[in-house]
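Heads up, the thing below is written out as structure tokens.
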Amino acid sequence: MPPATDKPKQAKGPIKSLLDFGLQFFFDRKYFWHFTSLLFLGEILLGLLVIWKIPYTKIDWPAYMQQVGMFLDGEQDYSRIEGETGPLVYPALHLYIYTAFSKIMPSIDDVRPAQYIFLGIYLLTFLSVANIYYLAGRPSANGKHYVQALLVPLTLSKRAHSIFMLRLFNDPIAMLIFYWSVIAFQIGGRKGKAVSDLCCSLALGVKMNILLFVPGLLVLLFQYRGIYGLVEGVSVIALVQVALPAPFFLSSTNHALSYLSSAFDFSRQFLYEWTVNWRFINEELFLSRERAVLLLFGQVIVLLTFAAFKWSPIPGGAIRVVNNGLLRPSQSAGEPSILPAYHIPLVLFTSNLIGVIFARSLHYQFYSWYFHQLPFLLFSGGAWNSAAIGSIIWALIQWPWEVTPATAFTSLQLLGSHLVLLSGLFFRNPISKEVVPSNIKSE
């Protein structure tokens, strides 16, 4: 009997080849930036159409400009700076940025140039977030490829486009600067550390929602830099926060206290009519101090639970990390060579999500606080390692942000979806290979 010979491989048909390339284009790491570039070009065109075809929504921009006017007129008492929507309640860098906007605008009543600026902020945010996803998948740093298909949902939100280009809120500015902080932390090195600390504090200088990331940041500083590095990072952030409002701090002690009580007012009451996440309770309970205390307590408990059981993915867990830090305070406590590349954004984004869930109120513009992080969190276990479940969770979170006004049902839907996402992050397994087609290879 003649020896068996291998059958010649049949050439792929054009349709099969096209399908294979399509899958690779969506999922293979070597096409990450090719795919991202196409989405970016689409976002440029869509952003321009939004600006040209949809009317600008007058909400906070006039108030921002009125507050800028008082600042330029020499008002140094922060509590007295106000606009038509109320007093100035944001930190000093917010005021400086919108002052710069007022200087380059031909007229504060002509918002079109500002809309183009915010389109630029939107596009920079998209690229920055894409960079975070890409760096999280570095094979050389124990990364797991965060497929570029995850960026598609970031282009589909009507609310996100509106927040940036039609309403000109300050939330996107704070988030863009913070994403730069995340990228610098991921890159590491001496310069990376310095840039990360600086950008984190600058973001906080725009809006204090950045504080929601701080619990996770403290864990990461301890893990990657040790006790001394933690103290150094916190000191840099604090010093920048003191330097930014120097014009108000240096004028008088009363003005310094006025600044702190206005820019970082933790007792501020939110309007029930604008809440997106708590419409299923009555207004009396919504405004109660007891509810605020209970939410804060719940947030602390959940943060401690994640810190103890999920944020130290090395042999020995959190106990080993703490022991390392105490025994070697000048060295990394978390053994960075073991920690995966996605660990930094995962901890920060989870910390933020916990803060969002337990927030006393969420307004529509607050969606920008975590919108760009949702696909990352879903892929990191929040989808319960199922693409179908992840798609459903994303849609269930997205819908309440599109409905105006919020209803009891949409608020419950949002809360329930958040809790399912958070539970998946806690009980998750490592990123499932089933999410990515088995025939797709990454670098």
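Placement of Cβ uses the backbone N, Cα and C atoms for every residue, glycine included.
All TrEMBL annotations are machine predictions without curation.
Sequence-distant contacts of the transmembrane segment (31-52), counting only residues of its own chain at least 6 positions beyond either end whose CB sits under 8 Å from a CB of the stretch, comprise 24-25, 112, 115-116, 119, 122-123, 126-127, 130, 134, 148-149, 151-152, 154-155, 161-162, 165-166. Taken from TrEMBL, the feature transmembrane segment covers 31-52 (among others).
Counting residues 6+ beyond its ends, the transmembrane segment (116-136) has Cβ neighbours under 8 Å at 32-33, 36, 39-40, 43-44, 47-48, 51, 101, 143-144, 146, 148, 150-151, 154-155, 160-161, 164-165, 168, 172-173, 175-176, 179-180, 182-183, 186-187, 341-342, 344-346, 372-373, 375-376 in the same chain. Among the features that TrEMBL reports, transmembrane segment is placed at 116-136 (among others).
Residues or ranges marked as transmembrane segment by TrEMBL: 172-189 (among others).
According to TrEMBL, the feature transmembrane segment maps to 201-221 (among others).
Summarising the annotation, TrEMBL assigns transmembrane segment to 227-250 (among others).
Sequence annotations record features per position, and here TrEMBL assigns transmembrane segment to 292-311 (among others).
Marked as transmembrane segment by TrEMBL: 342-362 (among others). Residues 132, 136-137, 143-144, 146, 182, 185-186, 209, 211-217, 219-220, 224, 270, 274-278, 286, 291-292, 295-296, 298-299, 302-303, 306, 310-311, 313, 369-370, 373, 376-377, 380, 415, 418-419, 421-422, 425 of the same chain sit 6 or more residues outside the transmembrane segment (342-362) yet have a Cβ under 8 Å from a Cβ within it.
Marked as transmembrane segment by TrEMBL: 374-397 (among others).
According to TrEMBL, the feature transmembrane segment maps to 409-427 (among others). Long-range neighbours of the transmembrane segment (409-427) within the same chain, counting only residues 6 or more positions beyond its ends whose Cβ lies under 8 Å from a Cβ of the stretch, are 275-280, 302, 305-306, 309-310, 350, 353-354, 356-357, 374, 377-378, 380-385, 393, 396-397, 399-401, 403.
Long-range contacts of the transmembrane segment (201-221) within the same chain: residues 90-94, 97, 170-171, 173-175, 177-178, 181, 185, 229-230, 233-234, 236-241, 244, 263-264, 303, 307, 311, 343-344, 347-352, 354-356, 366, 369, each at least 6 residues beyond the stretch ends and with a Cβ under 8 Å from a Cβ of the stretch.
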